[in-house]
Each structure stands twice: as C-alpha cells, then as structure tokens.
Amino acid sequence: MKRSSCYNGYSLFLTILMLCVVARSQLTTDFYSTTCPNLLQIVRREVQKAIKFETRMAASLIRLHFHDCFVNGCDASVLLDGNDGEKFALPNINSARGFEVVDAIKTAVESQCSGVVSCADILTIAARDSVLLSGGKSWRVLLGRRDGLVANQTGANAKLPSPFEDVDTIINKFAAVGLNIIDVVALSGAHTIGQARCATFNNRLFNFSGTGAPDSTMESSMVSDLQNLCPLTDDGNKTTVLDRNSTDLFDIHYFQNLLNNKGLLSSDQELFSSTNLTTKALVQTYSTNQNLFLNDFANSMIKMGNISPLTGSSGEIRKKCSVVNS
C-alpha cells in the first residue's frame, strides 16, 4: 500500500508537470509579464521612431511578419542571414526590408531583458504596432514563440503568394497554412499602406498576358501614369504607392480603389475583377465598412501569427536576430 501510494503521488506529480509544460507551450498575451514587463512599451517606442524616420517602414514591418509566418511558421526564419536564407528568395530579394529596425528593437529589448524575448515575438508585436500607428486597430498579441534554427529559401519561393498569381492559387496558398478566403481578402488590405516596385506590376502596363495591350482591368489614367514611371527600358526597381490617393493611412481606400480598377498589383485587382464571387463580395463589403475590415484584419493577423509557432523547448531565443546562437 505504501509503495502504491508513493507511485500514485509520483504519477500525480508527472501529470501536473506535463500540464504545466503544455500550458507554457501555448501562446498567451501575458507570456513576458514577469520576465520582461516593459516589452510592449520598448517595441512601441522603437517602431514609432522608425515610422517617424520613414513612414513606409510600417508596411515593411507588416510584410516581414507575413513573409515569416508563411514559411516554416512564425519563427523569425526570414531574418536569418546567409546566401541560402529566405532574404534571398525571389519574393524577398531587393524587396523585403526593415531588418535594421528589427535589430534595433532587439538591441533595446536585450538591454532590459537579456536572452528572454524571441525575434519571432518582436516581429509579431512590431507588425501590430505598425498597423496601429498607421491608423488601424490594435489587438492583444499572443506571445511565447521561439526562434527557428534554419531558414527555408525553397519554401519561401514556393509558399509565398505572388503578385502575378490568380485568386484561386493564392487562396490555396493561404489554405495550406490554415487561413481561409476571408483572411485572403482581409490581409490583402494591408496594401492600404506601402509601396511596390515596378517589377511587380509592369507586366500589366504594355503587353498583358500576350494581348499586346495593357491590362483591361486597370483604369486608363493609372496605366498612363505608370507607363511613364516604369518604361520598358527601366530596371524595375522604381516604386509607387500601393493605395493610390491614400498613401499612408490604414483605411478602406484600398478596397474602394479595387472597385474603380485602381488596384496596383494584378493579385489585388483580381480580388474584385476575377470570377470569384466571394472575394468580390468581401471587397464590396469592406469598401463601405471600415470597422468590419479592421476587425477582420485584426482577427486574421492573430490567426496568421499562430501558424506553426515553436514553443516550449523547441527552437531557441536568438541573441541576434540575423544568426542562430553559436
């Protein structure tokens, strides 16, 4: 009996221990409440400084988080240096930016809470703050991610949605990471701020899909303006705003543009102009209901931030975001 009692007590101990491990392995809003209580204020301050220096940085930080989560999950693999890293994947090369801002945030956080906060969580908070500081809605960020040990350039090339892809292909890529058609349209609304290079849309300007003419779903004066900005002889690296006439404000003007054939990227305009009635209806709804869009966007960002996070003892807490710990 005594032996059985000891065994039962040990079993209870193991059960409690496992429950604690499981609980700690889940993302929570208060993950750093005791280990780094000023984390949110530190990140907010650094993001504010970055956006004040360059307004476009808000969009860049949101995009970094997006491009991180779609490849290997939200594990900060997009930040890793190396020729085989995600930085040099086709969707990111000469395009992904804001790495120095993440490094500055990490340095500020490390000075207060050394070895505690992951780069993956910093990216997640910075993306939320970028939305808020651009006029969007805030949300409570779930935290507790750990940093990945490897980058996945092949995965970045295959999994990240492309501005040249049709709606159905993009919907399938979202579905592959657990996101639905509402998430597709809501998260596309992040293009209400930021810029894009000529190389991502100049296929629409002169000989679209071999027609010998511009894309018929792009408004004519916009075509003319962009042809002047992005001539055929250009290297494709000039940029223009994604949300024409509402450059830096996180609002529903992006969706209103789509109704008027003023979407810059083909993948954006297709949300309204393709035969997909669901995306079309969502664009129409968001174009007149800012509160619904901002709510759906926040919910979709929370879902995206929960794609395959490393928790518990998986991965590591990087000392420097661009390299794994030695």
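Just so you know, glycine gets a Cβ as well, placed from its N, Cα and C.
Here TrEMBL annotates a disulfide bond for Cys230; of Cys198, Cys321, the partner residue is Cys198.
In TrEMBL, Cys36 is paired through a disulphide bond with Cys113, chosen from Cys113, Cys119, Cys321. Within the set of recorded positions Cys36, Ser77, Asp243, Asp251, the entry lying nearest in space to His67 (active site, proton acceptor) is Ser77 (CA atoms). Only Asp68, of the recorded positions Arg63, Asp68, Cys113, Cys321, have a C-alpha within 10 angstroms of the C-alpha of Cys74 (disulfide bond). Fewest other C-beta atoms within 10 angstroms, among the disulfide-bonded residues Cys36, Cys69, Cys74, Cys113, Cys198, are seen around Cys113. Same-chain neighbours of the Ca(2+) 2 site beyond Thr192, Asp243, Asp251, judged by a C-beta within 8 angstroms of the site's C-beta center, are, in sequence order, Gly189, His191, Ile193, Ser246, Leu249, Phe250, Ile252, His253, Tyr254. Least crowded of the disulfide-bonded residues (Cys119, Cys321), judged by neighbouring Cβ atoms within 10 Å of its own Cβ: Cys321. With respect to their backbone Cα atoms, Thr192 (Ca(2+) 2 binding site) and Cys230 (disulfide bond) stand 21 Å from each other. The Cβ centroid of Asp68, Val71, Gly73, Asp75, Ser77, Glu86 marks the Ca(2+) 1 site; residues of that chain outside this set whose Cβ lies within 8 Å of it are His67, Cys69, Phe70, Asn72, Cys74, Ala76, Val78, Gly148, Ala151, Asn152, Gly155, Ala156, given in sequence order.
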